[in-house]
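One structure below.
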Amino acid sequence: MSGLRIEGLSKSFGHVHALADVDLDIPHGRFICLLGPSGCGKTTLLRLIAGLETPTKGRILLDGVDITRVPAHKRDFGMVFQSLALFPHLSVGENVAYGLRVRGVDRARRRQRAEELLALVRLPGVLDRPVAQLSGGQRQRVAIARALALAPKLFLLDEPLSALDAKLREAMQVELRLLQQRLGISTIVVTHDQREAMTMADIVVVMDHGRVQQVGAPLAIYREPANAFVAGFIGLSNLLQGTLAEDGVRIDGHAVRVARLPPGLVPGAAVTLSVRPEEAHLRPFGEPGPNRLPAEVAFVRDLGASVEVTARCGEAELLVVMAPRERPSDLALGGRVMVELPAEACVVLAA
Amino acid sequence: MIHRDRPQDWRGWAALAWPAAMLGTFFVVPFGIMLGVSFFHRVEGGFYEPAFELANYARFLTPFFAQVLGFSLGISALAALVVVAVAFPFTYCLTRLPRRSQVGFLVFILAVLSLSEVIVGFAWSTLLSRTAGLSNLLVWLGLLARPQAWAPGFWALLVGLCYLGFPYAVLVLYPALSRLDPELPEASRMLGASPLLTFFLIVVPSQRQALLSALIMGFVFNLGAFLLPQVLGRPQHWTLSVHITDQAVFQSNLPFAAAMAVFLMGFSLALIGLTLLLGRRGARP
């Protein structure tokens, strides 16, 4: 078995179960995002993989070899920390070459390699500067170069972009992804930002309450969330409570046909219907057609590039997002409309 | 936050009046008196009379006092080094403990501070004595043939000074070490450095300012010790502070005592200045 394999991994801090029974297979050369809200156990999982924490239960295998008890400094993994953890008493070049110094590489070779690495992260000419003189984005690049210096088997990053401002963060996401593709290095990034995960990852691991909720490609997770948590956490989603019928779902007395029904659920079961806001449509009130729910316009947010309409439908509130040119001309607060939930856009989840 | 600007108006200057008055009353004036007295003329069998003569300083420039000065500076520096070498790893481990245990240790260390130099001196003198000391324990364990007297002596004095200085060193190092980002040593370990190597390559160098402060404080603190050398040392281990006390209190030679005190202070200030200068040169801007 090639790649990283995690078997039944659990970690408790006192009475707090940070991670519960996680199984995961990560093939080589992929970009993995561990995604979840704060406190979901994603950082704990990364630190367990790094060897900075010891698991309460379970095993970690790399290429079939059990590394659960191998200490962090013998794992040959590179890591970028949330605080970046650049050594304040060393220059940029000495920071980048620290791992080589520990291995006993001579000074001239270290300097040369540090220059190559800084060129790789597009930060030339700062070799002899103190780290305190660098900007946030530059420090970020130094931390990445330092972690890559020893050609690690696994590249781990703990919320690496959280300290950067929004614009720089977006640029660094793209750059990090391109760097990973160029080097072909197995990479695991922890993030709470689903947009970041969608931008960078081959495989997204969605976590909550110390458990893995869903593993899959970003688009697969977006289109077919496994449960209500994933549907709500990855992008925006309209979640409607209903009961399962023969050919669809009944919501508030209205029949909604769906393209696919989840296996293992019998008619009458309580379910949650998930529909992405950009896949729902507004229709004139009273216009006949399938899968339409009558609603009342509660709020209109016109952002220029898109229009977001909140419509109240019985107990539930539905968000509909459309392009400006699709905006109905008679759209007004309190106006009555029909909300269409196309059958292909409906994902049925166990309630 | 330290303000580096000069005061803007009379209110700013007025705020300085209180600390200035305190400093003047309790430091500048007594020091001025001491400096003055150091040039006075000693009246044999009496006290002293105002004069300006360098005889007190001249008397100091003898091989005997040069040797006493050398010994005082030497043992003070040695004890400071030993204390910091022990206290630094101790404090580092302490800051990695859970908060509750840290508080327990700190309370204990503060409790040790409440012991006076006299009690510590006599306790160690007993512990190192032949009749009731630790050597009896080693005899009982079969490691030693017969009980030995380890005090008074050089090593007894060193142990005593280290014991007194240890809590102070921990208290100086603790704030700096507890502010150390725990991800720094972790980053070092991820780059292949063992915990021990990480300690010497990352933890120690990143704390050089705190280490320097602890060393200087320990050094100055040891220079001022005048009781331990008498309790735990032999007469050849008497430091300059002991001789100053001796001259001032028992020989009633206040001018000579003052001259020695001024000399000791000047010398230690020069040494501290040199240490700070070297420390700054080594640090990055």
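Backbone N, Cα and C define each Cβ position, glycine as well.
The domain 'ABC transmembrane type-1' annotation in TrEMBL covers B:69-275.
Under the heading transmembrane segment, TrEMBL lists B:12-40 (among others). Long-range contacts of the transmembrane segment (B:12-40) within the same chain: residues 6, 48-54, 56-57, 254-255, 258-259, 261-262, each at least 6 residues beyond the stretch ends and with a Cβ under 8 Å from a Cβ of the stretch.
Sequence annotations record features per position, and here TrEMBL assigns transmembrane segment to B:60-91 (among others). Sequence-distant contacts of the transmembrane segment (B:60-91) (same chain, six or more residues past either end, CB-CB distance under 8 Å): 154, 157-158, 161-162, 165-166, 169-170, 173-174, 177, 199, 204, 207, 211, 214-223, 236-241, 243, 256, 259-260, 263-264, 267-268, 271.
For B:103-124 (among others), the entry in TrEMBL reads transmembrane segment. Counting residues 6+ beyond its ends, the transmembrane segment (B:103-124) has Cβ neighbours under 8 Å at 94, 97, 151, 156, 159-160, 163-164, 166-168, 170-171, 174, 225, 227-228, 231-232 in the same chain.
Annotation comment: TrEMBL describes B:130-147 (among others) as transmembrane segment.
According to TrEMBL, the feature transmembrane segment maps to B:154-175 (among others).
According to TrEMBL, the feature transmembrane segment maps to B:187-204 (among others).
For B:211-232 (among others), the entry in TrEMBL reads transmembrane segment.
The feature transmembrane segment is assigned by TrEMBL to B:256-279 (among others). When Cβ-Cβ distances below 8 Å are used as the criterion, the transmembrane segment (B:256-279) is approached by residues 34-35, 37-38, 40, 42, 56-57, 59-60, 65, 69, 72-73, 208-209, 212, 215-216, 219-220, 223, 240-241, 243-245, 247-248 of the same chain, each at least six residues removed from its ends.
When Cβ distances are compared across the two stretches, the transmembrane segment (B:211-232) makes no contact with the transmembrane segment (B:130-147), since fewer than 3 pairs at least 6 residues apart fall below 8 angstroms.
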